[in-house]
Amino acid sequence: MFPESNTGYSFEDCQATADWLLSQTAVRPLVGIVCGSGLGGLADALKDQVAFNYRDIPNFPQSTVHGHAGRLVFGTLKGRPCVCMQGRFHLYEGYPIQKITMPMRIFKMLGVETVILTNAAGGLNQDYKVGDIMIIKDHLNMPGFAGNNPLAGHNDERFGVRFPCMSDAYDRELQQMALDVGSELGFSDFLREGVYCVLGGPSFETIAECRMLHKLGADAVGMSTVHEVIVARHCGMRVFALSLITNKAVMDYDSEEKANHEEVLQTGKQRAEQLERLVSTIITRLEHNNNYA
Ligand code: HPA
């Protein structure tokens, strides 16, 4: 499974998985979507679906968390060929970080140019409300500070360079497009832009941790996305990411609020339809070769 010590799947392993998928479907996706907790409905919106359970895809990791279906769905969204991960992999499930991010390399090998990621997150910014949608403009990679980066270990230059730039990780043009589309759809009241901080989980943050993360410049906190973004950027795909604020992070010792997974899933359900409209409208405006009309 990990032929080059513990550094992940080889280029050839990824190629074999991508080739297998390409032999099973005629869809040639230009957009790759990763659905967060409770946000898997985006995959259901795809037309002419060809879907694979993760367990049936050679080399593919399996998803275990409640609320994640574990299917790779190919199809078209208003005529645009897409591939969608319905359910993703997390550090807290115990996977090596290379396994969590391996699907990004498969996306690249399938021909994907733009990756769109969604997640559920706790709001640290005191102006944020539950149900807000945050366009991610930057991230804080806390596991990365401790040496847990998906690119650690041997670097195969066929994927990307040894030291990839991350100051342009989140595509500015796509952020602006999301603001424009959000405004056209009447979403401006709950659309935000901010910094996402990833932690390993699965325990939610303490009050002291939330206060610290907020002071460090994070607007929202969660347990996903950043690792995938790093690997997607490493292999040259364009990235756009959204957080659905499903709960307010507890910042105050007098607060009676407690973060819980049911609340996260419930908020996802309520705002999911609007988030899906935002993403699908963005996709219809994407042009081939990374431009947008
Ligand atoms: N913290 C971490 N991850 C989360 C949260 C949170 O408050 N809400 C949804 N995912």
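Here the Cβ of each residue, glycine as well, is placed from N, Cα and C on the backbone.
If you look up TrEMBL, you'll see 31-283 marked as domain 'Nucleoside phosphorylase'. Feature annotation from TrEMBL assigns phosphate binding site to S37, H68, R88, F89, H90, A120, S224. TrEMBL lists E205, N247 with the feature purine D-ribonucleoside binding site.
Listed binding-site residues: S37, H90, A120, S224, N247. Those with a CB atom under 6 Å from ligand 1: A120, N247. In this structure, of the binding-site residues S37, S224, N247, the smallest number of CB atoms within 10 A of the CB marks N247. On the backbone, the CA of N247 (purine D-ribonucleoside binding site) and the CA of S37 (phosphate binding site) stand 13 Å apart. In this structure the C-alpha atoms belonging to E205 (purine D-ribonucleoside binding site) and S224 (phosphate binding site) are separated by 14 Å. The binding-site residues in question are R88, H90, and the one with the fewest Cβ neighbours inside 10 Å is H90. Taking the Cβ of A120 (phosphate binding site) as reference, residues of its chain lying under 8 Å away and at least six apart in sequence are, in sequence order, G36, S37, G38, L39, G222, S243, L244, T246, V264, L265, T267, G268.
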